[in-house]
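Per TrEMBL, the feature domain 'DUF4131' maps to 33-177. According to TrEMBL, the domain 'ComEC/Rec2-related protein' annotation covers 215-475. Residues or ranges marked as transmembrane segment in TrEMBL: 9-27, 33-50, 57-77, 235-254, 266-282, 337-356, 368-388, 400-424, 462-481, 488-507.
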Amino acid sequence: MKRVLNQRPVTFFAFFFIVGIAIAYYADIPEIILLPALLLSAGIFLLFFFRQGRRMFWALYLIAFFLGAFLFQVQFYTDFTGIESNREYTVQAFVSDRAKMSAETHTYTLTDVSVGEKHFGKKVLLYSGQELDYGDTISFTCKIEQPSAPRNPGTFDEQMYLAGKGAGFSVFQNDAEVMGNSIAWYQYPLLLREKLAENMDMIFSEQSAPVVKAMFLGVKDELPQELRDSFSRTGIAHILAISGLHIAVISYAINFLLKKLRAERRLRFSILICLLLFYATITGFAPSILRAVLMTIFVVIGRWKLKDRDTLTFLSAALVMTLLFNTAQLFGAGLTMSYGVVFGILCLNPPFLRLLRKICFDRVRLDSPVSTSLSATAAVFPMTAYYFNNIALAAPVANLFAIPLAGMIVVFAGIGTLASLLWLPAGYVLAFPAELAVRALTWINGLISQSAFGYIEVNGFPVWMCFVVMAVIFLCSDYVLVKRKTKAVIAALVAGAVLLTGAAFAANAPELCVTVLDVGTGDAIHIAADGNDYLIDNGGNLQYSKIDEYAQENNLFFDAVIVTNTKTKNLKQLAKEKRIGTLFVPQGYEPKEYDADYPVKEYKLCDRIELSKTTGLRVTGEDGKHTSLTLSRKGEDIFLFAQNAAQDLAQQTGQVKLFKPAGGAAENSVTKELLERLKPECAVVSVKGDNSKGLPDELAMDLLEQCNVDVKTTAQSGAVIISFDDRNRPDIKTMK
């Protein structure tokens, strides 16, 4: 049989290793199953290995699969056995790294952590206003809360964020006691990093310094959110994180200099590897920088020592090494974008070069830059759609100028900053080209991001489509040994299938979806009806409200916000970000200064607020402070959002399919008479876990159980998402 793939055991090992990690996360396979499977695979591999059988490679790939899955389960989850959430513990730890020192709240990475008398075994992130030094041994008392998975759709995943940094939990503390100081050897380069960052602040303008520090030192905390959003909209967010591109530029500059000094090949490569490792040390072995350095070192060693110089194999080996000690990085935008861009260039650059040379791009020397830009864009677009909710239409143009400008910034920023350590005026002069390049990069990027063809917003881009796009990219590469016409046909069929699947999903998307958000105290309900978005806000504690975060992460503009609490203060940030179309308020509402930014309409008992031709909200209860609403569709009441005691809901006379009790199922919010009148299938209790009021009320929950009402509580399940079909039948899902 004719081979259709080049033989690359390392590449296939990396592939199955990644698949194992992904399946362990999405399927949550327990360790008790994975460890025996891993040992069995190792035994099968040894059997085939000693028999010299070709099947040993398949056994090796099984090892890769189960190894990835097992390591993820071990590294992702933290053992909190014996740690109670409501109890204070004495934490003792060593300050190994720090960041955001120019901000009011600094970020410290703590290692060698002890909780009480027990060794913790993972890092801890400390947020503090105190200024602590490298090597400080500190002690403080605090309550420890386990990190949570996303509680609302599209919001911050604290558990994955901490796992990606090798940390078990985070804590805010301003009164840590310093018990001693002993700087470790690896912290001296970190002090040099801070010195370089200080000098960058001096030799670059206030606007350019954050960009330079992100691109050369990996310090991204100071980048304004507006700038991050602008770069993501044009598809060049990967430029702001140190990736293989930046390290390749640095490597080329070092190699070029050593060649000019007539250093022999072995000496050049040895010096280059040592300098790259030192560079990774300066940046604190940040994951994004470490993976880029590893990738480059593998390529350098391969070109130096190996006869078969296969870059894809080196890339695969670097990826496995990167993930081996922290598998959770696979789910971060940094790793997928940095490796994805290089993968796209390796796969698509040769085919694009051939195509561009056929149409004479090589005559004007545009074949290579255009090919690189197109390859990077093809690989990065599914990731920007998934992580940043947009597809950058202008990415090919943006990458065309961003890649050479990024190279210029990295080289001259490095030269200028190092020179400033010796003589500050020399740093100013040598860093000036980098200053100009940063200004050009941000200016041109700003123009493109604001243009009509810059980007389109997408929400809910499925992760499986990212895998499909990567598979098509690999299929189109020279690594797949089939005829080009066959590749084109297969790629077209796959692309067509993806488009049809997407169209089918879009066609079957529910016209009405209600999301009861987990915002702790108070209520926030997102209604998506016939392509428009609405928010019901019942106030609560502003400190714990997640409404603005939810809107920002999901790129939401609310066509209308319906307030059901006369004293709500939750809308300030939404108003500031201009995410409110119209505000509906009850009688007695206390106006806010930001209400001047949008139309305000008052409603009263028995009024109906139209959301679409078939869907509306009817005011069915009020007590002078809170208002209850009933969602109806096609003439049928389907969901009662109660904010009042049961006796104040006299206007709701008919049945509903779903019922949200008032005040987190507070006392008197549920009565037997009310449940007999409503006959709900399910009750959604929006309440904060471990709250001081003892909610939900025990009697209310007993009544719901006696009436055979299925109960979902946000404290246990996170947000509750209810989709309604054409016949108003609910499909209920939760975040857990």
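Every residue number used here counts from 1 along the chain in the order it is shown.
Glycine residues also receive a Cβ, built from the backbone N, Cα and C atoms like all the rest.
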For the transmembrane segment (33-50), sequence-distant contacts whose Cβ falls under 8 Å of one of its Cβ atoms, 6 or more beyond its ends:
24, 56, 59-60, 62-63, 65-67, 69-70, 73
Tally of DSSP helical, extended and coil residues in the domain 'DUF4131' (33-177):
46 helix, 45 strand, 54 coil
For the transmembrane segment (57-77), give me same-chain residues lying six or more residues beyond its boundaries with a C-beta closer than 8 angstroms to one of its C-beta atoms, as numbers and ranges.
9, 12-21, 23-25, 29-31, 34-35, 37-38, 41-42, 44-45, 47-48, 159-160, 163, 166, 323-328
